[in-house]
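Lifted from TrEMBL, the feature list:
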{"type": "DOMAIN", "residues": "13-188", "note": "domain 'DNA-directed RNA polymerase subunit 2 hybrid-binding'"}
{"type": "DOMAIN", "residues": "190-265", "note": "domain 'RNA polymerase Rpb2'"}
Amino acid sequence: GEVKAKYDDLITKFSKGDELAPGVIKMVKVYIAIKRKLQVGDKMAGRHGNKGVVSVIVPEEDMPYAEDGSPIDIILNPLGVPSRMNVGQIMETNLGMAAKRLGRHMRTPIFDGASEADVTGMLEKSGYPSNGKITLIDGKTGIKFKQKVLVGYIYMLKLHHLVEDKIHARSTGPYSLVTQQPLGGKAQFGGQRLGEMEVWALEAYGAAYTLQEMLTVKSDDVEGRKRMYESIVKGEHSLHPGVPESFNVLVKELQALALDVELIQKV
């Protein structure tokens, strides 16, 4: 009843036109559904927080295949398991294979589900190796892989993070009022964030001038930005960075703590 009342209220508001912008008499929204094929860069996830991005798509004949000739649909990196400790995905793979071979549906509740012994027993019953590992053959060379590989059936879902919608570029654009740094995100036509780890990487590489440019004129050095724009227009190739605005913000924050900070200009 409460939900219905809430929606009835919303519908009334819409019919009155309360939600419309000034000057808009009627608004029509049309939703179009389109199919989008999976492509490199799209995001997928299983049911155990095992999300990831498609890194390569190859023809079916190049995929590894089992000794009976059945090809593999998707290959997941085993390094995604130990540190995250989501071993459920391994159990699901094995149980999925057992279910497929036995022709049965499996239901395993969250805290009262199939134990490891149950899963192993099911696999043995179906005539499959108890550890779920089989020999695979390289689709490109036709040579067997040295190590056996865990093969089974799992749910893999496509998430609504498509690489087509993610692409974004910026030359100049809006800046934050407080920090004077470029805004973040595609929606705000923002810049790419150069975080601590990226800065460390450039420091380790010794890319001093690149770093100076990134942390001053390409970010929050207002005067330096103007000078850079002028020098590009004039065809000069000189960099004259100033004081980043974030430093001024820090000074003001310290002053707010009743700490008097004096800037001494070196001549």
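Placed from the backbone N, Cα and C atoms, the Cβ positions cover glycine too.
In the predicted model, residues of the domain 'RNA polymerase Rpb2' (190-265) average a pLDDT of 91. The helix, strand and coil residue counts that DSSP assigns across the domain 'RNA polymerase Rpb2' (190-265) are 43 helix, 1 strand, 32 coil.
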